[in-house]
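Okay, so here's the structure we're looking at.
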Amino acid sequence: MKNILRKIIHIDMDCYFAAVEMRDFPELRGKPIAVGGRSDRRGVISTCNYEARAFGVRSAMASGYALKLCPDLILVPGRMSVYKEVSAQIRDIFARYTDLIEPLSLDEAYLDVTECKQCQGSATLIAQAIRQEIFEVTGLTASAGIAPVKFLAKVASDLNKPNGQYVITPDMISSFITTLPLTKIPGVGKVTGKKLEDIGLTTCGELQAYPKSELIERFGKFGKILIERAQGIDERAISPHRERKSVGVETTLAKDIYTLEQCHGVMPQLIQELGARMSRSAKGRSINKQVVKLKFNDFKQTTIEHRSDEMSVKLFYELLAQSLERQQGRGIRLLGVSVGLACQADSNTAKDNQVRESQLDLGF
């Protein structure tokens, strides 16, 4: 397989929500802070600054547990309207350099600068310029990864944080990828990482030597993706109009619940809100599955899904009942429902996919 090599920049804002709060409220600087819900309402941390991370505080951690790790932690309520406003400023900066922008969230995006003529066409210099402009306009710092393919750019953006950047040039891919932990590959979480470790695979180099047929047999379609990523191959183009893949709603409960009847008391509001969100953000889109998610009081979670072409309230309740079979006496602290959205043809990637290594002057 011939790799599609481009000049990809992955921009990742540093502690974004927390950084905005420290910018707007200077008295918070130098103190451990986290943006998230109150502990007495069983809130969850959205993000935290580096001072808090030094105590082990992390995103998606229960606020109460975070306070046990860091008793002096300052919990700040989120201001989503402000974060969205600043994110729009950042995207305006991206647009000065390329139209090929794929936002991943408010604080993260891929940029394809292959055709950009600014900064002598150097992706490294373009990333530096973008980061400098972000700081001048917003007062916030960003980190960047520069590479010929998307997933390596994302990996690279994490290697010189905060307020730094890392470059992986085409001739570096082979040596860089050999020692890269498989857990750095997007999609390889704790469960898949453990499965790979159980067969003796922890690095991309080790996976390269493993029989491809066995990987595909064990991991199916994702096995093929693993084989490609372990060789530094990622043919995905930047998708400026990236389709939403799912719509969901969940709630963290004020108190643990334990029975199916108690869950039934929560479901109607969730399903109603899901329908409203579908109308707002996925109107006209077909669905391909329904999902129910539970998080227990030991913070482990389970999801059950079923293929579905049309949203069915009855199916949500059936999936809920199946989910509770995994409860094992644990209290339920979070309940969620979601739908997967069927893909639509994306005509914007065809032109981008025509760019091949032989056609590029890759000045990194």
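Including glycine, each Cβ sits where the backbone N, Cα and C put it.
Pulled from Swiss-Prot, these are the features on record:
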- GLU108: active site (ACT_SITE)
- ASP12, ASP107: Mg(2+) binding site (BINDING)
- 8-189: domain 'UmuC' (DOMAIN)
- PHE17: site 'Substrate discrimination' (SITE)
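PHE17 (site 'Substrate discrimination') and the residue listed as 'active site' have their C-alpha atoms 12 Å apart, to the nearest angstrom. Residues near ASP107 (Mg(2+) binding site) in space but far in sequence (CB under 8 A, at least 6 apart, same chain), listed by position: ASP12, MET13, TYR16, PHE17, TYR83, SER87, ILE90. Less than 8 angstroms from the CB of the residue listed as 'active site' sit HIS10, ILE11, ASP12, MET13, each of them six or more residues away in the same chain. Under DSSP, ASP107 (Mg(2+) binding site) is assigned to coil, being neither helix nor strand in the three-state scheme. Looking at ASP12, PHE17, the recorded positions in this record, the fewest other C-beta atoms within 10 angstroms of the C-beta turn up around ASP12.
The average pLDDT for the domain 'UmuC' (8-189) in the predicted structure is 94.
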